[in-house]
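Input: a single structure, listed below in structure tokens.
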Amino acid sequence: MEDKVGTNTDAFLSMSDPYENSTATSADIFNNSIRDFFNDDHNMHLNESKKTNENNTSSPCSSANTNATDGLNVSTDELNVSTDRLNVSTDGLNISTDGLNISTDGLNISTDGLNVTTDGLNVSTSDEINNIHTKTNETIAEEHTIDDYLVYLIFKWAFKITMPVCLIIGIPGNILNIIILCRYISDSTSSMHIILISLAVSDIICLAVGTPRFIISYATGYDYAANSDIGCKIYRFLNFVFSDFSSWLVMLISLERLVAVVWPCHVKSWCSHKTIKITIAVFLVFLMGINFHVLLSHGIVSQLKHEDTQTFDCIVKEPEFAHYGFVIFPWIDFAVFALIPSCVVILSNTIIIRKVTIAAFKRRNTMAVILADKSNPASSKQQPLIRRMTIMMFSICGLMLLCVTPTVIYGFMFKSLTQNGDLKSSVIIAVLGYYGIIAFYFNCTINFLLYICCSQRFKIVLRSFFCGGTTANDSVTTSKL
């Protein structure tokens, strides 16, 4: 039995882990102690068995002793099993050691994770620093004002200078136009005088309504169009109506010249004084109807600019007119103020140029002798007369086209740029606004200067008006002004 126990123990010990045999650990000492313990226990049971056998040699219960011995053997097997279990526990300790090593590796992995986290901290720190610099740059950029833009300053000072000049020159000049044209209108058979007088009146109203507003606003800071709904409505209505009216009167000038050149036989009937007056009245009533909604929709509206300053503007106030005022009406205003007059002016002038060119070519071929005769005063004066009238007409029409364009662009871009609310959009709005206002009021002022530069007869009448008295020749020439 001793050999069996030792054999089983040695056999199990020989099945130990290679890692266990390769290293001198406390598991070896523990196994030797277990072996000594079970050897001593086995010897003790053998001694007890011998004593029992000696006492019960002749006893009839020998079979029982045999059974007891078998029970002892069973106990020994159980002890062997226990030994196996203990050895298994020893392996469990070795496995636990491996587990500790794995845990150490896990710690190393955790250390790598810490390194990654450190890298993440470095990246986030770098991003935060970059964000700080970006925010600092944005803060510096936001500290810029609209006055830092050179183009804005140029148009701002041009606007400040132009408004008083237009008021000082434009209103007196147009008044002189009316006086001179009314003084000699009874001697003229042409209806052009009526159109030019109406144009002068329209320009005076535009200048009288608009330019004082800007001058007073810059001088005192008071804007009468942005301090009361009544002032806003009246200002916008008069401004829209008579700005459109001036464009349509220029269109009427082109149509009158077209009839005079293409259908000269019908000019007295188609362009009589009565017909022209009725046409002008119809134009005015039509334009008042187109712009009548301004009296209902416009008012004072508070707005916040890019620097969070509150301002008051004269724009569409009533919600029911918002879509019409901001979406539909700009297209109507574009057609009425610019598109229709511009198309008619361009088409009329093109036909006039073509007709005059063809007529001049035929005249040179059929009347070469008469045109070459310098002693004939009629032939020598007819060409300059036609040329001056054509130059003046084209100057008025061309200037109108140049001056209405920026105003139309401003009307289309105002809403979209206002919704952005940034500094750049505010600069664009301001520059377009200044340019449109300067061009429009310059157009209202320049007609008087165009008459002086392009019409010799107008200069003669103007000189006679200031100097007093007229000659016979002057009376004849002014009757055909």
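We number each residue from 1, going along the chain as drawn.
Note: Cβ is positioned from N, Cα and C throughout, glycine not excepted.
For reference, TrEMBL has these:
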type	residues	note
REGION	45-75	region 'Disordered'
COMPBIAS	54-75	compositional bias 'Polar residues'
TRANSMEM	161-182	transmembrane segment
TRANSMEM	194-216	transmembrane segment
TRANSMEM	245-266	transmembrane segment
TRANSMEM	278-301	transmembrane segment
TRANSMEM	321-347	transmembrane segment
TRANSMEM	391-412	transmembrane segment
TRANSMEM	432-454	transmembrane segment
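Between the transmembrane segment (432-454) and the transmembrane segment (194-216), the number of CB pairs under 8 angstroms, six or more residues apart, is three or more, so the stretches are in contact. Non-local neighbours of the transmembrane segment (194-216) in the same chain are 159, 163-164, 166-167, 170-171, 174-175, 177-178, 181-182, 185, 222-225, 235, 238-239, 242-243, 245-246, 249-250, 252-253, 256, 273, 276-277, 280, 437, 440-441, 444-445, 447; each lies 6+ residues outside the stretch with a CB under 8 Å from one of its CB atoms. Same-chain neighbours of the transmembrane segment (391-412): 243, 246-247, 250, 253-254, 257, 330, 333-334, 337-338, 341-342, 345-346, 349, 352, 429, 432-433, 435-436, 439-440, 442-443, 446-447, 450-451, 453-455, counting only residues six or more beyond its ends whose CB sits under 8 Å from a CB of the stretch.
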